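Asker: The structure that follows is given in the form of structure tokens.
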């Protein structure tokens, strides 16, 4: 018989041997799992041999050395999940989210008997949820959202005694919600939105005594809300929106103390229960797009913590209770598309935090209250389609943050207040279909960020002001059905972004030649005016139908069906004999004056003394050369090589210029920028600024090579960039769009940041760019970024601030603080740069179809879904999506609402420099031909110890790391970004 100590030793030895065998098996299991993945070479390169506990994403138990956790999230892995995963008996956590995995979830996953967390979200997994999942008795968190899973939700999930989080959102699941799942005593989070679930909401829902989050949005659930809903006292978020639920909203729903109650997009009828006014914890109340009727309960004014109140798209009647003015934290109030009546309550003036007010399509009457101007943070005001009367309050100019103002389809009268032109940030102004009279104020031209202007169907008189030509961002102008006269201003031809122009049914005279340079114009209607002359057939006019010109008997052109005859026997003389005699006498006098001037001796004019008010000289404009790249060219050469700046050499348009490509033998191409306006008034002042700009040299700035200024035209000469602008690469059509991999995007971001950092911190004088955008980031043949158009920016003054006379920049990129105050500093550029980062990350435009990219990212961030917006080209080429998240974080830091919360461009460079991988030394001719990483500017040298391929390596530095920078500026990927 074996002695007891010997037996104990024997059992211990056997246990150790079993552990050793298990450990060895875990290593081989991981290698088998790797075989089922694709795109592993660059991310799982260390999964080859040796100590697997040191492999990427692997965490082992400190005692047994068995695999305890596997985290391969965000690595862009393809392929499938191997059934071998079931052999990891000791694994506690599996995180494979945000990859490109496909296929089915293997049944063997149920053999991971120790598993507590399983996260397979944001992949392309399909098939059913395996019933074997119900074997995971220790599972606490099961997250399978954002896949392609089908079938029913297994009722056996109710047998998981420790399940706290179940998130199956955004799949293709069908059937009913298993009733047994409502009896899970520990379940806290149930996310089922975005599936095809049917059936009703069970009365057993309140058996989930620990449940605080219940989201079934975007399904096909039917029936009423259970009367027992008031017993779900632990609920904090209840989202039943966009289903087919019906019946009335139960009275006892008011017993809930939820922060979010979303019932929109259903078929609820009846009145809004007054008891909802007792739900003091409500931050979001959304009852929109139902069939609710009756008045708005005045008791809702008690909801002093509510930030968003949505009631649009119902059948609500009666007046707006003035008590709503007590909702002191309200940001969004949407009451549009109802049958509300009465006056707009002046108490709304107390809602100083209101951001969006929508009262459209109701029956409101009376004047617009002056108190609205007290809503100083109001960004959007829509009162379209009511019965409002009186005049437009001039006090609206106090709404400095306003971007959208729509007062159309009312009975407003009087003139357009000139004060509206002081709302600097306005991008949409719609006053159409009213009874407004008087002229269009010329000051409207100061709304330089306006995208849409609609003044149609009023009683406006006078001329179209020439100042309209200052609206360089404008895309749509509608002045139809008024009494406007005069000519179409020549300045309209400077609107390079104009896509729609409607001037029909007015009394406009003259011709249409001024519109020939509106190259973006797609829709033109000048019908039923008094226009005359030839309709051009070149440029963009060939795209317009004859209907665009109807009702103008004086217009002619072969494709309009009327020939342009210079004279005829039957025609009346166009001018009188007396006028002809006067013209002849005047011409003779002018001829005599010219002869006297020619015969009189004079000295040749000196170019630099020419001013705009002096006559144009016959001497060719002088070409001022700032760098040797232009040393062999003269003005005549450039005109010859571009055939006097012929259209066929045009490579781009800007808000203030047209750009041509000038190519000659044995020289690098040159970009010639022709400014639209002959500004500034003082050539000497402008020359001084250009010479200062020409002296600025940096590898990430486009060099100004020379210039030519004269009353006949102002030309600037720059280095030519082979790959155009970043805008072109990201946003042009499919035929032109170039796919950018992640590394290239990172290097573009770093290069642009280095150029901007040089302007802000190392340039003398230091410069604010004022218009940072993807169109002003040019790419050379190696896709290295070069910042352009910094040349006409003002130098930073000693106080580091500057008050401009008008807001500069481009819609979508403008710092909201700058737009509100017109006070400019370096942080305004940082904000714009952050928007460019978002473009690089998403491939989306800053503003597209009225969708604001920054607002989109903020909303996705609030839902922890920001990675859904990543450009697919990044997902295909990025080795570590964690880097993408860090750049998202950096972009949101740069776009913080408070300028003081944003980093400097030096700090931005340091963060990006940690993410960009240094190029290895070239080993072949092919490698030598590849673009090399830009040299780091001198101001980075002090941070050389920060070099590394990840934030972790940077954070180990004794210097300030990017991780510490993130801490310094606050947590960004949260709901409190702004």
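Glycine is treated like the rest: Cβ placed from N, Cα and C.
Feature table excerpt (Swiss-Prot):
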TOPO_DOM  25-577  topological domain 'Extracellular'
REPEAT    114-136  repeat 'LRR 3'
REPEAT    137-159  repeat 'LRR 4'
REPEAT    209-232  repeat 'LRR 7'
REPEAT    259-278  repeat 'LRR 9'
REPEAT    279-302  repeat 'LRR 10'
REPEAT    328-350  repeat 'LRR 12'
REPEAT    377-399  repeat 'LRR 14'
REPEAT    400-423  repeat 'LRR 15'
REPEAT    424-447  repeat 'LRR 16'
REPEAT    449-470  repeat 'LRR 17'
REPEAT    471-494  repeat 'LRR 18'
REPEAT    519-543  repeat 'LRR 20'
TRANSMEM  578-598  transmembrane segment
TOPO_DOM  599-978  topological domain 'Cytoplasmic'
DOMAIN    645-916  domain 'Protein kinase'
ACT_SITE  771  active site, proton acceptor
Asker: What average pLDDT is reported by the model for the topological domain 'Cytoplasmic' (599-978)?
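Answerer: Looking only at the topological domain 'Cytoplasmic' (599-978), pLDDT averages out to 69.
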Asker: As a test: from 137-159, 209-232, 328-350, 400-423, 424-447, pick the stretch that has the greatest number of Cβ pairs under 8 Å with the repeat 'LRR 18' (471-494).
Answerer: 424-447
Asker: In the same chain, who gets a Cβ under 8 Å from the repeat 'LRR 7' (209-232) while lying at least 6 residues past its ends?
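Answerer: Same-chain contacts beyond the ends: 164, 169, 177, 185-203, 238-250, 252-256, 262.
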Asker: Quick one: give me the count of other CB atoms within 10 A of the CB of residue 771 (active site, proton acceptor).
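Answerer: Taking every protein chain into account, the count is 23.
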Asker: Cβ pairs under 8 Å with the repeat 'LRR 10' (279-302): which stretch of 328-350, 400-423, 449-470 has the most?
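Answerer: Stretch with maximum Cβ contacts: 328-350.
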Asker: Go through the chain and flag residues at least 6 beyond the ends of the repeat 'LRR 4' (137-159) whose CB is under 8 A from any CB in it; none is fine as an answer.
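Answerer: Distant contacts of the repeat 'LRR 4' (137-159): 97, 105, 113-129, 131, 165-178, 180-181, 183-184, 191-192, 197, 868.
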Asker: Please list, for the repeat 'LRR 20' (519-543), how many residues fall into helix, strand and coil according to DSSP.
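Answerer: Helix/strand/coil tally for the repeat 'LRR 20' (519-543): 5 helix, 6 strand, 14 coil.
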Asker: Counting by DSSP secondary structure, give me helix, strand and coil numbers for the repeat 'LRR 3' (114-136).
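Answerer: For the repeat 'LRR 3' (114-136), the helix, strand and coil counts are 5 helix, 5 strand, 13 coil.
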Asker: Would you mind splitting the repeat 'LRR 18' (471-494) into helix, strand and coil residue counts from DSSP?
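Answerer: Tallied per class, the repeat 'LRR 18' (471-494) gives 5 helix, 8 strand, 11 coil.
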